[in-house]
Amino acid sequence: MNGVHDMGGMDGFGKVEPEPNEPMFHEEWESRVLAMVRAMGAAGAFNIDTSRFYRETLPPHVYLSSSYYKKWFLGLEEMLIEKGYLTREEVAAGHAMQPAKALKHGKFDLTQVERIMVRGKFARPAPAAAKFNIGDRVRAKNIHPATHTRLPRYVRGHVGVVELNHGCHVFPDSAAMELGENPQWLYTVVFEGRDLWGEDGDPTLKVSIDAFEPYLDPA
Amino acid sequence: MSEHHHDHDHDHSELSETELRVRALETILTEKGYVEPAALDAIIQAYETKIGPHNGARVVAKAWTDPDFKKALLEDGSKAIGTLGHVSRVGDHLVVVENTPERHNMVVCTLCSCYPWEMLGLPPVWYKAAPYRSRAVKDPRGVLADFDVSLPKGMEIRVWDSTAETRFLVLPMRPAGTEGWSEEQLAELVTRDSMIGTGFPRTPGAPS
């Protein structure tokens with residue numbers, strides 16, 4: 001979706017402000033939100049792409065004015081309601097009122113903690129041969145799906161070069177909508193800065209994205 | 001913003017609306033039997049103690065001292081790091097990109113905040129915020145100026161937008177004046193930002 005989350009190249013957000021000696025969490029609730037998202041995801045309530053999509057679909061003014069963990073919280077609450085794990089009445093009451101919905105991987109308990117500290121695996125067997133080779137010129141498609149996609153707007157329509165092939169991975173556009181993993185070839189595609197930003201762009205800049213094969217046409 | 005409240009017994013009127021909502025959600029998830037609060041505590045403790053830039057720093061220091069490891073690391077980051085038993089496991093898709101006198105690398109996630117947690121810990125607020133996410137791909141030298149970092153005029157700057165589940169770690173250049181240093185000494189010079197590409201390693205003798 002063409003949401004405010006797709007920020008590459010936008011102007012007006014001001015300076016980057018590094019915080020010296022930044023704490024891991026600024027408020028205790030942030031750590032609880034992180035833990036709840038990781039736990040409910042590991043228990044099978046949602047996949048990582050679906051959770052990203054729920055954050056992206058927050059109203060634009062909410063997205064822009066909320067901290068990172070606030071967005072995580074708002075996305076989590078809405079996702080759990082929509083997927084039937086809790087109800088708006090329960091959220092309003094602050095207590096469980098309905099029977100629980102079964103979780104795919106069961107309750108998240110202490111025995112599960114170790115496994116979530118290792119990153120998940122997203123590589124999958126290839127359903128077909130790769131269409132592109134290293135060095136091929138490709139054009140990022142001019143597509144504007146209203147649903148989740150990982151093709152940022154700032155490269156759409158532009159030509160780049162395939163630099164790396166990462167194998168076949170879970171396709172976020174499908175997984176986010178719970179339409180299956182639909183594995184696709186994943187490439188690093190590199191663009192010249194001036195192709196993206198015009199003649200005023202930094203001539204020393206190259207930008208790459210990791211692009212799934214359905215995002216690309218031969219060029 | 002309200003202050004930290006580690007004492008759970010005081011009056012709710014002192015808590016922010018967000019704190020109240022987060023607590024309510026945890027109560028509901030617990031009452032419904034979806035999560036064990038002790039397991040949430042353990043997740044937080046694991047993040048606080050097991051991950052962090054010290055993991056990335058050890059990898060960088062090893063690459064600076066062991067050419068075979070460096071070669072393997074640049075070929076397949078996950079596999080090479082997997083051979084170091086003492087570094088936390090990184091999953092399958094870590095790509096290590098090398099800074100050279102000709103090219104500087106910088107990592108961003110314009111669409112959300114993808115970041116190599118296992119190597120660098122949880123990302124800092126600036127990495128997740130709009131100014132960095134919007135500007136890194138268009139004006140990286142301007143972003144670097146916000147960090148008081150500048151690159152030679154003609155040096156190529158390569159920005160890696162983490163748009164998939166691949167994760168990127170920058171291998172910075174080894175500082176001059178560190179000949180003969182041990183891996184442990186070198187690791188002390190490796191900063192988090194130098195592995196994102198928004199900074200350089202410390203130079204020998206400079207205050208940390």
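Positions of Cβ are set from backbone N, Cα and C atoms, glycine also.
Feature annotations, courtesy of TrEMBL:
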- B:17-198: domain 'Nitrile hydratase alpha/Thiocyanate hydrolase gamma' (DOMAIN)
- B:CYS109, B:CYS112, B:SER113, B:CYS114: Fe(3+) binding site (BINDING)
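In sequence order, B:CYS112 are the binding-site residues among B:CYS109, B:CYS112, B:CYS114 whose C-beta falls under 8 Å from a C-beta of chain A. All protein chains considered, the CB of B:CYS109 (Fe(3+) binding site) has 23 other CB atoms within 10 Å. Excluding B:CYS109, B:CYS112, B:SER113, B:CYS114, which define the Fe(3+) site, the same chain contributes B:THR110, B:LEU111, B:TYR115, B:PRO123, B:LYS128, B:ARG133, B:SER162 within 8 Å (Cβ to the Cβ centroid), listed in sequence order.
If you count neighbouring Cβ atoms within 10 Å for each of the binding-site residues B:CYS112, B:CYS114, the highest count belongs to B:CYS114. The Cβ neighbour count for B:SER113 (Fe(3+) binding site), using a 10 Å radius over every protein chain in view, is 21. In the predicted model, the domain 'Nitrile hydratase alpha/Thiocyanate hydrolase gamma' (B:17-198) shows an average pLDDT of 95. DSSP assigns B:CYS109 (Fe(3+) binding site) to coil in the three-state reduction, placing it in neither a helix nor a strand.
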